[in-house]
Protein chains: 4
Amino acid sequence: MEFTRPLPAYLVTRYHGWKATTYAENHAWYRRLADEGQRPRAMVISCCDSRVHVTSIFGADQGEFFIHRNIANLVPTYEPDGNHHGTSAALEYAVTALKVAHVIVLGHSNCGGVQGCLDMCQGRAPELEETSSFVGRWMDILKPGFEAVKDDPDMPRALEHEAVRVSLRNLMTFPFVKEAVEKGTLSLHGLWTDIGEGGLMHIDRRSGQFTVV
Amino acid sequence: MEFTRPLPAYLVTRYHGWKATTYAENHAWYRRLADEGQRPRAMVISCCDSRVHVTSIFGADQGEFFIHRNIANLVPTYEPDGNHHGTSAALEYAVTALKVAHVIVLGHSNCGGVQGCLDMCQGRAPELEETSSFVGRWMDILKPGFEAVKDDPDMPRALEHEAVRVSLRNLMTFPFVKEAVEKGTLSLHGLWTDIGEGGLMHIDRRSGQFTVV
Amino acid sequence: MEFTRPLPAYLVTRYHGWKATTYAENHAWYRRLADEGQRPRAMVISCCDSRVHVTSIFGADQGEFFIHRNIANLVPTYEPDGNHHGTSAALEYAVTALKVAHVIVLGHSNCGGVQGCLDMCQGRAPELEETSSFVGRWMDILKPGFEAVKDDPDMPRALEHEAVRVSLRNLMTFPFVKEAVEKGTLSLHGLWTDIGEGGLMHIDRRSGQFTVV
Amino acid sequence: MEFTRPLPAYLVTRYHGWKATTYAENHAWYRRLADEGQRPRAMVISCCDSRVHVTSIFGADQGEFFIHRNIANLVPTYEPDGNHHGTSAALEYAVTALKVAHVIVLGHSNCGGVQGCLDMCQGRAPELEETSSFVGRWMDILKPGFEAVKDDPDMPRALEHEAVRVSLRNLMTFPFVKEAVEKGTLSLHGLWTDIGEGGLMHIDRRSGQFTVV
């Protein structure tokens, strides 16, 4: 592992800070979580973006949320083709093994991934259209959503909102999700947060529009 | 969106708590993060597990870490085949667009995904070997690592450690990662945390073994 | 107080959330409750169980319910022997000082205390029969009730229901309760809730059986 | 059960409101809590007072806190004499069966029980000194604490604070508490809340004084 490096000192210091405070205050609980396993109540699918931490917004402590983070909080459709599908694997584990009660898709403002998709859809990003672009190919998941909002003057927000709707619809293509939703043991929730304003909106089930929480 | 539900009240309350405290205290900074974009110093690849929040361990505030979370903190090899690759897309965005200085792979104890892989490798999990198992196909990424540790008496820990090494080696198959590492603009780091003990180990670059931070 | 520890950070954050929202919205009312004293309409005797919060089930706001919680929502018989009787003290204060209009005994499903009593009565819990077992001695209050239901096939539910009946009967051994009930200034109510189903049953005064609310 | 009455209509209405909203949104989680049992992280010992609901202050949802409520949040000393001890039973169950990580004693302002004790100690409440007074005999637990604060001009607040300290000291007389605290698997916390101001203070472990959270 000659190509690796030791942990930067500023992170070592922070780790020791956590160990001496948060861990020390809660070690018996963490010990139990290790011994008895996790029992998270919800799965959250959110973006990798460094400005959106669901653990902060919802005051999550250890053990509460099973969190998958990818570019633009996207869920692809159900494709059991034997390839590696990280998002689908996380979803399958959360719903069938952990039996979470909620799956929450959390979108956000100023999303670089959504902006890239918008650029592609408007013909301004040839580099993202190349086969070799992982970001481009990942954002293809959102492309079908562009049609629905392409005349909305409030871009890229409209496409950010649509990203949450596309993910929610794709969630329902997974048989184990659909079945659990229909049985009533799983509920799906769509959220979107504004980074600068600290706002939070959720999808209204009747209109499909986002409304302030 | 008739199949969605409103946000549970306990999360609405918690959100308002965050808004009135953490957000209120930092709103000027969040405003800037929204206006000027993110500039995270590091990308962290960690597990979805509800018991391991890198934001807690490293006291992360908004804007510092670009975080991808998937089952068992795995990185697949470079495969620019035009399919959806969520992990590769996150990696590409972090290294080529955000130009992070570090990529940190954070493994952990009591990992359900690694246990599943171990069960497959030891012939005890036929259900995970089915083509339709997303978790099984995702954990295939780790399978080649099993050979290297199969005689280690300290299972599943040995395989959890190997998962970090496999991911680090796979990172180097991405041309943009290898190039940045060789130019010295990017460093790679392997970590593993013990949930119950709150311990943190990192890979020693010479021995390739994990040693206490 | 060297043996104490500071409040865990996750609770500090939650408290600030409550302060900024629920408290802020109601501070004038809380101010009055502090200045003028409490005037609760009912006393509720319920279990310590973390899954049964009467404040949630009955949407209780500050000032409405005087709540005593003990293992298995039990009321002992009247014993004015000069010893410490926490339940009797709470009852006396509620009925004679606060003059509540109702005393509600709220039982529930999946009760660990009732299960322990059942185990004792069926000779399967010698450790609970030891003099030094506080749980065992406390559950002795319910033991006389076992006879009445011991042939009921629906255990432990039958004993959970009986626990409510035993407590109601014991309530009537307190002179100040009996007197107020007979004068018509106090009414007694027996309830039982099913945690999983969210169901609520109450005692039918004629049959003494539980019936859906 | 002729002496009981049906549930008052206003509570029936509220219950149906809870069932249709909070329960409906969370029924899968409540179902799991019923099937798999509770795993509360903390036990809270607080007062029956209708103005102090720990579930509100700490945004507690189902499953998080095991709550014992008695007059003035008192814990008696360890007395394994074979009598009924409700508080000791709740404590024993929380620490030895549920293995909670924290025991939190929550005192509060405007406490009727503490005021009664103060009146007794200052010779102004002969009725509470009678053997037959359950409130008086219960508040005897706090009497030894009066000496320590009797010259404090800030009464009854000083005695309310002392009630928390007395309870914490008495907790340590229980062998199973002392052992768990010394092993580091249990931590004890002392809090006091001001009803009118919505303030929260905790005991400083060095000075033993209350300080703002």
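Yeah, the Cβs are placed from backbone N, Cα and C, and that goes for glycine too.
Here TrEMBL flags D:Cys47, D:Asp49, D:His108, D:Cys111 as Zn(2+) binding site. Neighbour list (D:Asp49 (Zn(2+) binding site), Cβ cut-off 8 Å, at least 6 residues apart, same chain): D:His108, D:Asn110, D:Cys111, D:Gly112. Under the DSSP three-state reduction, D:Asp49 (Zn(2+) binding site) is assigned to coil, being neither helix nor strand.
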Open item on the list: For the Zn(2+) site (D:Cys47, D:Asp49, D:His108, D:Cys111), what does the 8 A shell look like? I mean other same-chain residues with CB within 8 A of the CB centroid.
Closed with: D:Ser46, D:Cys48, D:Arg51, D:Val52, D:Ala72, D:Asn73, D:Gly107, D:Ser109, D:Asn110, D:Gly112, D:Gly113, D:Val114, D:Glu160, D:Ile195
Task: Number of Cβ atoms other than its own within 10 Å, given for D:Cys47 (Zn(2+) binding site) - done: 28
Task: Number of other Cβ atoms within 10 Å of the Cβ of D:His108 (Zn(2+) binding site) across all protein chains - done: 23
Task: Chain C neighbours, filtered from binding-site residues D:Cys47, D:Asp49, D:His108, D:Cys111, Cβ-Cβ distance under 8 Å - done: D:Asp49
Open item on the list: Taking 10 A as the limit, how many CB atoms besides its own sit near the CB of D:Cys111 (Zn(2+) binding site)?
Closed with: 25
